Amino acid sequence: MTGSISGEADLRHWLIDYLVTNIGCTPDEVDPDLSLADLGVSSRDAVVLSGELSELLGRTVSPIDFWEHPTINALAAYLAAPEPSPDSDAAVKRGARNSLDEPIAVVGMGCRFPGGISCPEALWDFLCERRSSISQVPPQRWQPFEGGPPEVAAALARTTRWGSFLPDIDAFDAEFFEISPSEADKMDPQQRLLLEVAWEALEHAGIPPGTLRRSATGVFAGACLSEYGAMASADLSQVDGWSNSGGAMSIIANRLSYFLDLRGPSVAVDTACSSSLVAIHLACQSLRTQDCHLAIAAGVNLLLSPAVFRGFDQVGALSPTGQCRAFDATADGFVRGEGAGVVVLKRLTDAQRDGDRVLAVICGSAVNQDGRSNGLMAPNPAAQMAVLRAAYTNAGMQPSEVDYVEAHGTGTLLGDPIEARALGTVLGRGRPEDSPLLIGSVKTNLGHTEAAAGIAGFIKTVLAVQHGQIPPNQHFETANPHIPFTDLRMKVVDTQTEWPATGHPRRAGVSSFGFGGTNAHVVIEQGQEVRPAPGQGLSPAVSTLVVAGKTMQRVSATAGMLADWMEGPGADVALADVAHTLNHHRSRQPKFGTVVARDRTQAIAGLRALAAGQHAPGVVNPAEGSPGPGTVFVYSGRGSQWAGMGRQLLADEPAFAAAVAELEPVFVEQAGFSLHDVLANGEELVGIEQIQLGLIGMQLALTELWCSYGVRPDLVIGHSMGEVAAAVVAGALTPAEGLRVTATRSRLMAPLSGQGGMALLELDAPTTEALIADFPQVTLGIYNSPRQTVIAGPTEQIDELIARVRAQNRFASRVNIEVAPHNPAMDALQPAMRSELADLTPRTPTIGIISTTYADLHTQPVFDAEHWATNMRNPVHFQQAIASAGSGADGAYHTFIEISAHPLLTQAIIDTLHSAQPGARYTSLGTLQRDTDDVVTFRTNLNKAHTIHPPHTPHPPEPHPPIPTTPWQHTRHWITTKYPAGSVGSAPRAGTLLGQHTTVATVSASPPSHLWQARLAPDAKPYQGGHRFHQVEVVPASVVLHTILSAATELGYSALSEVRFEQPIFADRPRLIQVVADNRAISLASSPAAGTPSDRWTRHVTAQLSSSPSDSASSLNEHHRANGQPPERAHRDLIPDLAELLAMRGIDGLPFSWTVASWTQHSSNLTVAIDLPEALPEGSTGPLLDAAVHLAALSDVADSRLYVPASIEQISLGDVVTGPRSSVTLNRTAHDDDGITVDVTVAAHGEVPSLSMRSLRYRALDFGLDVGRAQPPASTGPVEAYCDATNFVHTIDWQPQTVPDATHPGAEQVTHPGPVAIIGDDSAALCETLEGAGYQPAVMSDGVSQARYVVYVADSDPAGADETDVDFAVRICTEITGLVRTLAERDADKPAALWILTRGVHESVAPSALRQSFLWGLAGVIAAEHPELWGGLVDLAINDDLGEFGPALAELLAKPSKSILVRRDGVVLAPALAPVRGEPARKSLQCRPDAAYLITGGLGALGLLMADWLADRGAHRLVLTGRTPLPPRRDWQLDTLDTELRRRIDAIRALEMRGVTVEAVAADVGCREDVQALLAARDRDGAAPIRGIIHAAGITNDQLVTSMTGDAVRQVMWPKIGGSQVLHDAFPPGSVDFFYLTASAAGIFGIPGQGSYAAANSYLDALARARRQQGCHTMSLDWVAWRGLGLAADAQLVSEELARMGSRDITPSEAFTAWEFVDGYDVAQAVVVPMPAPAGADGSGANAYLLPARNWSVMAATEVRSELEQGLRRIIAAELRVPEKELDTDRPFAELGLNSLMAMAIRREAEQFVGIELSATMLFNHPTVKSLASYLAKRVAPHDVSQDNQISALSSSAGSVLDSLFDRIESAPPEAERSV
């Protein structure tokens, strides 16, 4: 202390005075216990203050002291105390080690950082080369944030643009990770990046990712921002089902666990900048506690928004000079960076056990928190020191034993000194001066990668420990003056430095600190290298490289990459090691190719060939598909021998050498020579005896070789003498017996050498037999293939026949053979053969064998002497044997392997198979090839035999070397962002679709092009009004014209010519608009705003920029003079109702405000005076254009057709309009059936024209009916029917169906052969009558698997007294869905028709009928999802006898109805929709003021609307129930309420403001106790009685019928069936004024995926019928979807299916209009659906889309399959958004991200393409293009006659109940439109 400062109190006063004087505090504000940061002391203030204190106290005071002692009291106490001993932290007490301290091995790493760093090796090179990746932000990165308001633009301009950025962050291999493009677009690119890098890290570790499936593998991923998620959610209209998972931080870890199916912990860690090092710490803990057995620790960081840059800029944290200068005096902040790193961790003992490469060992780690330090973001030196001590205690290591620390080192003026002081205090002090602690920071190379910073430093340190070198810390020139490096015994590594020699393993630490105060430190140590055991590392002579990928293109890319690597960085890696890693440390993939090579040169050449898809020695390209099961070994006869065969196999294939050695004794005994010596010496076999014995010995050894690699025969076939080897392999003979047979045969034949010959002819058998007819000594000896035969006979005659064949230009050649068997010359040898082999005792074969000795292939030969005597004489029926094997009744075989030294039969085999089974897939292989490398050839053929998975290869000892990881095939995936005004995609200008204007320079000397871009949104249209056509908003033609006219004006033009309107612009969803002017052409196009760059643009209008302003003005005046004067006989008419005229033509609304002042019409002219609004901006042309275009279309009021603009010859602009009134003069120049042509002039009264259109052509749209209507309308045309909600209401009218009834006398008895399975109640009687009708019935489910017809007779009684209607429905539903599942899995060529029988549901009087009623709804959905197996549903009368119904059912089965039929008194009725017409029977609904009304589901969106509707009708008391309770009323004002709760509360308050008392009750309406409690409570309180009910409760769960489960069905049926039954019992008929059941049209329309929901709603329909018959005003309202509300709010599938049928959803206003209308009629079930335009109006039926585009029946089978594959590939690729050429026909759709919505869309397109109805589960049952094409080929191909009737019936129907109803309404009799 100095004299002026004598102690702690003086120092405290001095500090207070200093702050008051220099910081600007008042004495009252200075709290000695408040942190200095809170008192306003900044980092730079601390530097100045430390200098003042150093001078005052005469000792060094560091700015760091202010962070260690952050208050005035703490700092004063510290500075007044004696200085601590410099070595006080030199040692850390070593704790006892235990299992929780077990070392952790780093076994794999992967990384992606800027600067082209894509792997750890690239990072190491980058660091050693002292490179930096820092640059300015890529231009496109912040584009979405530019062009905003001035204050935003100014802030962005002031934000630093320095950073370390990854390129192409929008690139991702979505296909590889089985993610659809749509989902990938919404995924945070951090998720995508981590997926790829994690896969690379696992491959680097040598762990095939597929092997981790369902393992206890943990994922710990550090990440701290999801800027992408924020960007994606900025535009609410773009939020979809993928958005939440795409933007959630947790999914960064979870998605990796999901993709790899990992079952260990999956945790996203956010501790800001220390996230990834904390992730490593948590991973180590999880391994030590055995929560997981393998851990993947990661960190990822991307910088997408300038917001965080701006925030750090504001606190001075970012370097203005763009460099991280850690520990340097010029440090001025950090630079933000991007990247990702992943490490794979195991317990060290596990890694050693598994032979893994141990890159480094984690000895210990620690994590702690700053707590309340000198500010939330301020570092705490004490906490940093504490985490260091804890880490080294955990590691069991003295701090002085660490050699290097990878510091956090951000490069800030005070952050660096604080960290250095902590490191020096704990780790540096006590070291020798010549052995300082070395420190550095990777941030000086890569910037601060924040959430990935810890793992970046960790990977760098592991690499340094591995290499024994430490890369330099960049930008370190002058030490930071606030860091006493010498005192702290520390040194910054400023050059490439060899690791210090310390006598112990290399050791290092890694630090990382989060800006919120979470600190982490990890201690690592050099790993011990694992070497193979001595003698086990010998390289094989030949290596097989398996190159795998998910597609052929990926295999090609991987092969090319490997070839490049092996010639470059991997040149020193042994070929065997490369093969080892590829074959045993990479995941199996669907496609793979192989390369067999003896040396590196051969391997590289093979890889290049594989990459190019070319053939080369040793190369097997990926198979296009599997040939199917079943392997046949084919043993050829003589002719395959060659000198040198087998020699290399003896040397390099142990299994072959062992087989030869085992065979050698018996071989020598029978042959008299050594097989081993002949093969080993490469000797030539001479003479028939040597040749035949040598070949069978070779064949038996080759068989063992194949079997040693796991390829074993399921069947064997022998060709001629090859049948001996086949018999041995089959187990009929021993090898010794086989050799004996061969020796005997060859010895007997030897004397005949040279006495006969054989010839191979390119002729089929009949032709050959005709050829040799004149040569009795010549025989057809071998049936080789359909095009090849072999003849045998005297040599001279054979030569003459060869000459004859060659004269016909056909192939013919002598066979090189000593003795010709299979001809009469063998007759003399047969007795001796029988005699010498008489004692042969063959066994029963253990492997199947087809003998080629007999013409009858079903002969089961005994391989005795007689057989072998016959074998040498009879012809060889090889062709027949192969054909039988390839198409046998017991199952076909698909892989044929010729066991020989050279292939003789492979071509004959494949010719035979393809001839017998065209289009089937087979493989025919040899074994060896003459004069080639035996081992390479065999291994190549071995690889060809493996088409499903790679062949087994030897697994050498570990460890394996790393090789390059999987090459990615990136495509762009990014959201369509909502740009600010003024930027690309800005909102269009008022009245036009023009947006931002860009001038595009051209290469040539031609003028520049011009581009205007805008974003059109439904809620921000550029015109004030609306313009709806059939309820769909369409951009008016006037706006389109105004757009291109305005663009022309900007370019100096005032006229357009050759205007052509091509497509309307629908404004019901956002679209991107582009206007392009190129030279004199101008066009307007649009595309979906939510699409991708590959989406198709639709062109809407084109035109030519024509005349100069002066030209157009003169032409305009001339045109006005010619057309603007009305004729003398013109007269002024009454002004018509413009809105009515437009409505008659289907148009609702005007886009601009203008009115008609006068209307003067004559024969061909019309002059209309129009008034414009006074507020119209001067020069606005839009309203004038709009008036002109609309009025021109109405130039003939008597013509009620709709006219749409088609073209304009010329349109010119003149002077601007200055007054509010103008006149539009229309001169009709042409009028025909196709349309009208009009000249138009617009001018202010008495002024020159302002607008002229010459030859404005309109095209007429005629709907085929008169759409004009009288008052009231006598009939309804399609336009009004689609717009007037009262026309939406229909009942179901049951009309007689012309189906023959076999019960009528004289009915023809028809026999319909085919098995029938009958399931359910009272089936015996039905069986008896069906059997009499010619069917083959089977009771219960015995015959379901083979039945052509399946009849399900529904139960009528519950299973027990306690079974409720819900229980009953769930039970029966489960039975039927299981039945559908079974039938759907049957082959397409074995179709079945499913029928369901119910009783009494039509009337629903009996309780049993009500119980069964749900089946009607389920039936419609089965019909929609599985039209191929649906027959129909028949409802019998409640007392009908099933036995009597049998004959009628027999007739129905013959032609499935696809519908619901009702049979009463012998008459069959079918449903049709009938509109509700006539005089109402009831008055409008009025509620009683003294009653209450119950709405179940009343707190939902629909329920609250219905509550409002009842209030409009006088209801004063409402009881609203819902499953979720509202909060207490005292909490209704809380800001914490979510949006949905707030909406409900606001709606209730609005009702209460109207004087309505609302009682909101939480109750489960399906629970009888809940409803009883509600009613009991009301009774106790004396509440008003409930006089009306709306049952609106319900939930849905979209599931295909084949996927429905009992639990899911119960969940849906509970509120509907259970709830309605409870209410029915509580409020019996007569107790209420009305009982409305809000059901769904899904119950009758058959919407796919709505099985449970449709079934539940059909029950409501039946209950309404039942109560109505009891006199209660009960109505079931079968709605289509309410637009944007209720259960269909997000049901895209429902909307798409409605659109497919020609219908649509309805608005709430339309719904209530329809409700009020139908409530006046006596209707129990009202179907509320907008009807489509009548079928046949355009000459086609409602299902014209099902007309086949091709006549499949006239096409060949192969052509059908090819056409189907091409068409389906195109359809599926378009929906999945993948390039068609990249869609592998064998790739499962699920791997491409197929979901149910996509499947439905594909199904619709496929139906149009194929021309038949298809199942909803089609894509899931046939999950590849190839399998789907094969399935459909069976559906469309001709069938046998016995199936024709059924197949046509199954495929010709419309398939959906909705289609059927829409069809029938057109044929409904007049009485159907009766008053109901």
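Cβ from N, Cα, C; glycine included.
Per Swiss-Prot, the features are as follows:
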| type | residues | note |
| --- | --- | --- |
| ACT_SITE | C273 | active site, for beta-ketoacyl synthase activity |
| ACT_SITE | H408 | active site, for beta-ketoacyl synthase activity |
| ACT_SITE | H448 | active site, for beta-ketoacyl synthase activity |
| ACT_SITE | S720 | active site, for malonyltransferase activity |
| ACT_SITE | H1027 | active site, proton acceptor |
| BINDING | 1491-1551 | NADP(+) binding site |
| COMPBIAS | 1106-1115 | compositional bias 'Low complexity' |
| DOMAIN | 9-83 | domain 'Carrier 1' |
| REGION | 997-1112 | region 'N-terminal hotdog fold' |
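A1491 (NADP(+) binding site) counts 17 other C-beta atoms within 10 Å of its own C-beta, drawing on all protein chains shown. Look at S720 (active site, for malonyltransferase activity): DSSP puts it in coil. R1523 (NADP(+) binding site) sits 41 Å from the residue listed as 'active site, proton acceptor', counting Cα to Cα. Note on proximity: of the active-site residues H408, H448, H1027, the one nearest L1499 (NADP(+) binding site) is H1027, by Cα distance. DSSP places the residues of the domain 'Carrier 1' (9-83) in helix, strand and coil in these numbers: 47 helix, 2 strand, 26 coil. In terms of Cα spacing, the recorded positions S720, H1027, A1491, A1507, A1547 all stay beyond 10 Å of H448 (active site, for beta-ketoacyl synthase activity). DSSP assigns H448 (active site, for beta-ketoacyl synthase activity) to a strand in the three-state reduction.
Proximity to H408 (active site, for beta-ketoacyl synthase activity), defined by a C-alpha to C-alpha distance within 10 angstroms, is shown by the following recorded positions from C273, A1491, A1507: C273. When pLDDT values are averaged over the domain 'Carrier 1' (9-83), the model yields 78.
Classification of A1507 (NADP(+) binding site) by DSSP places it within a helix.
Taking the C-alpha positions, the distance from C273 (active site, for beta-ketoacyl synthase activity) to T1539 (NADP(+) binding site) comes to 34 Å. There are 12 other CB atoms within 10 A of the CB of D1531 (NADP(+) binding site), with all protein chains counted. Between the CA atoms of A1507 (NADP(+) binding site) and S720 (active site, for malonyltransferase activity) there is a gap of 91 Å. The Cβ of the residue listed as 'active site, proton acceptor' lies under 8 Å from the Cβ of E1033, V1034, V1035, P1036, I1147, D1148, G1149, L1150, P1151, each of these being in the same chain and 6 or more residues away along the sequence. On a Cα basis, S720 (active site, for malonyltransferase activity) lies 95 Å away from D1531 (NADP(+) binding site). Counting only same-chain residues at least 6 apart in sequence, those with a Cβ under 8 Å from the Cβ of A1547 (NADP(+) binding site) are L1504, A1507, D1508.
In three-state terms derived from DSSP, T1539 (NADP(+) binding site) belongs to a helical segment. Here the recorded positions are S720, T1539, and the one ringed by the most other CB atoms within 10 angstroms is S720. According to DSSP, the secondary structure content of the region 'N-terminal hotdog fold' (997-1112) in residues is 18 helix, 49 strand, 49 coil. Note: the Cα of A1515 (NADP(+) binding site) and the Cα of S720 (active site, for malonyltransferase activity) are spaced 98 Å from each other. It is R1523, among the recorded positions H408, H448, R1523, whose Cβ has the fewest other Cβ atoms within 10 Å in the structure shown. Rounded to the nearest whole angstrom, the C-alpha distance between S720 (active site, for malonyltransferase activity) and T1539 (NADP(+) binding site) is 85.
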